[in-house]
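Peer 1: Below are the features I grabbed from Swiss-Prot:
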- 1-20: signal peptide (SIGNAL)
- 21-1860: topological domain 'Extracellular' (TOPO_DOM)
- 309: N-linked glycosylation site (CARBOHYD)
- 425-462: domain 'EGF-like' (DOMAIN)
- 522-709: domain 'VWFA' (DOMAIN)
- 1122: N-linked glycosylation site (CARBOHYD)
- 1516: N-linked glycosylation site (CARBOHYD)
- 1717: N-linked glycosylation site (CARBOHYD)
- 1723: N-linked glycosylation site (CARBOHYD)
- 1855: N-linked glycosylation site (CARBOHYD)
- 1861-1881: transmembrane segment (TRANSMEM)
């Protein structure tokens, strides 16, 4: 039976859970991730499965469901809580889920103060069956401390504690229960535990927790569910909470063995008696539920440490000791990373086994809890353990030896591979795509997407948003926002409308979304408090709960409110809020009902309007309905009807009217306006109105009706109603047509309109249309001949991309404007982003008035104003110019013949100091020179110009092998500047042809009569051939000249063919001579010359001598030895000589050079000079060899000798020459370097020259630094020490950046060739000219809060004098004021100011929110910078202002509220979030009132919590309005009764922004109050001198046959007492009631009857009545006398009823004992007779009789030594005591007297004893109300004297001793004597406590009368609840 009861209780509790609301359990913890401000939140929650429609087909592990929002505590951030299901309990209809989220808070700089954020997950509702917190909101919170000062090792950062429990813990009712809160701390901190005092949490009474151990103790006294929340805090102040349910059940158990009923079944400790011991929990009633098995189950409270990427397993095992039972394990909060690998359930020993392979994303602590249940319903204790997934040192990587991490690709080793490198994102740290004009969402929690800066779009933010006004552009939606909590979306839209009427209207697809669960549904019921028929009111009170139930069928979480109105002519009113939204319909008091009124003002429409306007507690995003219950139709003016309609539309409230009477006007109105429903109820006296109201509510929810708000210009075209169903989860599309209206004027910029889907929500639309842009003027300030780059500016309120168009351009004499190098023309258009270049005309500068040009900006549709750009060109010293000589090169006619020429230069400044500065003249100086007058000009020298010209001469001093032109560079210098470029001229070195040199051997000797072959020769160094001419032939006679080949005669002149020159010599050997027989010298001769084609040689004459006939031997030439010499040297003397055997020829030989050397020259010396050697010379012919310049290598020449006879050595000799190379040092000259401050860095090169052709590699060294200039290597490294080698011989000359003036400087360098031969040290001249640089203006952003000012500096710099740069205003802000801080005056265009002297103040209320997309900049202005010289301006800089919205919330509720006198006024204050804000906070500033204001928070049927006088209360009601209740002082009224001042505010980055101060005035409407009856006192006739005041029960207790005088008073708050009348509402049905008349007998005046109930006031101003009961009658609740008052207006008081109890006087019972003394032997029965009792006023009711055998001390005698028995036991209800000789019997007195007529007593031992007789009449003759305290009793005794017999023992078979008969007889006689004596004693006086002692009354309490012994039973037998009259 007990088990069946237990199962039944469990079944009932499960049923309650299943039908209840949804929250079961929750806890949340956190840990830092990667940095101090990136926090990962992990949470576990449990909810009812059946609450979520998506689980209608089943709930499975891994499913995802949204359960609410998590508020992260930093003002704005809320995220969806999407639970992933981790476990499911289908039996108890709950599931657990896991949710995690990582959030980055604002970073705090190192050393900054830590910030604590409170993170909250809260919503409604808890289960409705809770014994505490029923239907309350849950509130799961934790505190997060963002502390930058925790070091760099994230693993040491503080983490919150972690906890977890099963959602429902089952405890035993009426037993001591203990369980452990499962919690751990990842940092190892000591934890403290406490009961949470969270908002909305009331802890169960008697529940406590050990603060250090976390052990909860609780002894529930009631069955059912409790909720509790435990706070767990670490040593650093971080806390978490765990919130769960406790199920208190009666669980059968067994009493402890130490109890008197040990082993018996019990349901609680109270069922176990006289216990001397307990179980371990302190219980005497113990049960034996299943238990967990440790191991394998981890020890309760233990911590398991798991490593990442390593598989672990754990098991949970539970068992029951009874073999017939099975157990089922229910785990909770199993991590998603854990997989169930084995399930062995429903066994005597059940086991679950899990495997877990944690990944990095699973790092954290998980608390797992479980319980198990056997198949008989017994539930185990909870077991819990934690799993800590520890962070490895290196997350996505491995440890480095010696420290550090080797990360996988994309992970950051500086963050131990837990965070991505910059430029990577996601779980795998993939590379982000390029983000050109935006910021990538990087990091391990990022998604890699590129968030574009304003004005850019595209995946990579590389596409410029070119929103250009297009006359053909269609209407389009620019932006929209969706609210998750709204039924209507978008709830905001921004659109662009083309003003062209031909454009098709824009369709905005508004979506009405019906979710699976209607969770935001609010209904205000408005009731007529003074209907024409009182049944209307009564039926509303009676059946309002039915309406609530019907509404809950639509939405389980419906919020209902109650309002009242009255249409009575007297004291009627339009609206009073009785119960705010969410507080339900219960608790309506009859005092709210006024007397029925048949006359109606028909003000129900005004009442409904007032109710819609009233701040009744509506919340944002809900479906809103007002249900009006009325018994009359409405009557109203057209204006009142219009206000009614507009109010409902603007508030988006659906009206429903239920009428108990006519509703024709309502029906017509609702049909005309298109929304609302009215129905009539057919039965005013039943609950038909509930079904009618429900039907009407469903009607208005069956269609979506759209109405416009604030659309006075007609932008919107709305569709007809859309049929919908709120029972189906579905989206409905409602098309809204938007078009620019035609024919309308004064349309504001960016107007806004709204539309209401009535009842479901409102959408606001901001409309943009195109406006003309604005062009901004500009000023160009540059220097002469200096180009200026600039952009033109414009702005457009529509955010369109602009183009600019040149309306005029500068005159050509001023300059040109170019774009990309192309000169623009008037009318050209360009993008506003285009950069232009203004090129001043050459040397032009502004002399007086600035030049100008104009432009307009265009947005694609409209031109702007025409803006002007002024041009100012400042004069600057210009470099001179030079002129190159054009045409042919300057050449001479001959060597050393000067050629004159002139060079020109000019300077616009007409400088007189112009000079020609020559470049490198080295190439010229080798062959000639340039002279200025007689001065030779050298490299770097200068020549003064005169009148722009310099006269010069060029002379060629050396011949050159070939003609050669050489270019000479030069510049013109004006004393400070060189010409900007070099000029040049050319000189030509001419080769002058050398004539050939004719030679031959002369004289020649020939024998007589013989022939001689004659060779003629010519040498020529610059010709290829010559022609010989025999100019003259002289013969002596007999001789002849002939050609040797054909012997033809030669005659002069004879010319040969061209003869080739070889080795510099051409020879012709075809002339023969024939001599005669004569002997003569100079006998013949020939003269010849050679011609090279241009020049002829001198004539050469050859003489011929004829000798006698003699033999002639040819000579032999001597060999000149081969030799070696150096390259630049002349050889030693060489001799051409020979030997001639002919004596005559000795000493007469001639040396002949047959072949000249190829690479050198043969020289002869004459004194100290040398010249080229002739071909023939007298032997010994002394010559020298000199190699050609720079030649080295081998060379040779050939030679021979010839004798006088013309014979030569037939074998010429050749000498080989080896010319050794001699290295030559290079030469270096450095060109001057002229540059300016604007010259780009140029790489220069040192170019040494070396005559050694083989030396082309040099290395150069800087040996002296410039004093002012900076010299750097080509790599850009500054050379600051010497010597410094130049690796590539290149260098860079720059100026010091701090030099702002001209200077001249120089440096020295030298170079080495490859043989380390060093050059000369050359000096490099440096000339620097500083050009004043325009200052630089930089655009900058300034951020400020709305409605505040910002002091700032414009960003401007000047290279030359940064401290004195100034700003010139070019345009002013459009939406604010620019003020000069130092003067307080407004800035002006074109005025100059210090750059740090600005203050910007935006116009009131203006911010980024007012820009498209709510993105700044919201305002800007332009400026240029001026330098200290004030002669040049910068580029345009723009200062943009980003104005953070700081719009406080606004209050749009009523300023005046009304309530009735003596009526509480509930009202709400709601606010609209300010533009750009996110919250609405409320602060009450002051309350001026005699009443009381309470801030309340209502939680459904659980009721409301109130806080009195909430001044300075700070409330956040962003999603819900905050409800207040105002209570006026009773019976007070009046206008301005209460004045409440408050502000609304929002928080922006922790800073509060307050609204204006709002005031709500409460007027208390006077209401005529009914009078009041005041009972004063009454006087009983039985106690005439004892005046008795009335107590709270208003009861008169009187005795029968007496009377009572009742005195009472009346009062009326509105009127004096004299105007009151009193009457008896209903005369009594028994007894008589009189008006008291002191002069009448017994005071009995006028009899009060049905037709005359009036009671006149007595002379003392009080009222008196007298009540006389019917004689002899009595009873509790005898009569009720209702007394009432009525005032002169007819208002009747609430009747005050006097209850009269009439009672008889209870008569005590008495006992009669005929024989009071008996004597007997032991073991012999004593027969007691003659005992009886009587209760005179008892007849049929029960009387209690107790018979006990006691000793002389009154102690009960054990039934083991004495027994007695009664007759007729079966007729009475008797209980025999289990240990003592005692009977307790109950019955009527007749039955009990029969029972004791004969009694038998048997005592086994001797002694004196008593038979105690106790009678209790149980007080049944007394009134029931005092019966338990008015028991009457009687007590008497029979004396028993028992003696042991003198034993003569006879042995019997049963071994018993038998008393002799004599002894037995003596005993019997003694008993009879005792009985008689007792009877006489009783007659004389009843016995008292003093007689018997306390022992006689040990079983009961003693009454005040010592005669009477009170029964121990205080209960009343319901069988005898009757008046004493019946007894």
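Placement of Cβ uses the backbone N, Cα and C atoms for every residue, glycine included.
Note that the structure is predicted; figures quoted are calculated from it, not measured.
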Peer 1: At the level of the C-alpha atoms, what whole-angstrom distance separates residue 1717 (N-linked glycosylation site) and residue 309 (N-linked glycosylation site)?
Peer 2: 98
Peer 1: Near the Cβ of residue 1717 (N-linked glycosylation site), how many other Cβ atoms are there if near means within 10 Å?
Peer 2: 20
Peer 1: Restricting to the chain of residue 309 (N-linked glycosylation site) and a gap of 6 or more, list residues whose Cβ falls under 8 Å of its Cβ, or answer none.
Peer 2: 357, 358, 359
Peer 1: Reported as an integer number of Å, what is the Cα distance between residue 1723 (N-linked glycosylation site) and residue 1122 (N-linked glycosylation site)?
Peer 2: 180
Peer 1: Summarise the model confidence on the topological domain 'Extracellular' (21-1860) as a single mean pLDDT, whole number.
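Peer 2: Averaged over the topological domain 'Extracellular' (21-1860), per-residue pLDDT gives 86.
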Peer 1: Tell me the Cβ neighbour count for residue 1723 (N-linked glycosylation site), meaning other Cβ atoms within 10 Å of its Cβ, over all protein chains shown.
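Peer 2: 17, counting other Cβ atoms within 10 Å of residue 1723 (N-linked glycosylation site).
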Peer 1: Based on DSSP, tally up the residues of the domain 'EGF-like' (425-462) by helix, strand and coil.
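Peer 2: Each residue of the domain 'EGF-like' (425-462) counted once, the result is 0 helix, 12 strand, 26 coil.
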Peer 1: Please indicate, using numbers and ranges, the residues of the same chain that are 6 or more beyond the domain 'EGF-like' (425-462) and have a C-beta under 8 Å from a C-beta there.
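Peer 2: Residues 33-34, 38, 102, 104, 361, 396, 408-411, 418-419, 1413, 1415-1416.
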Peer 1: Just counting, how many other CB atoms are there within 10 A of the CB of residue 1122 (N-linked glycosylation site)?
Peer 2: 12
Peer 1: Determine, from DSSP, whether residue 1717 (N-linked glycosylation site) sits in helix, strand or coil.
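Peer 2: Its secondary structure by DSSP: strand.
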Peer 1: Provide the three-state secondary structure of residue 1723 (N-linked glycosylation site) computed with DSSP.
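Peer 2: Once the DSSP labels are grouped into three classes, residue 1723 (N-linked glycosylation site) ends up as coil.
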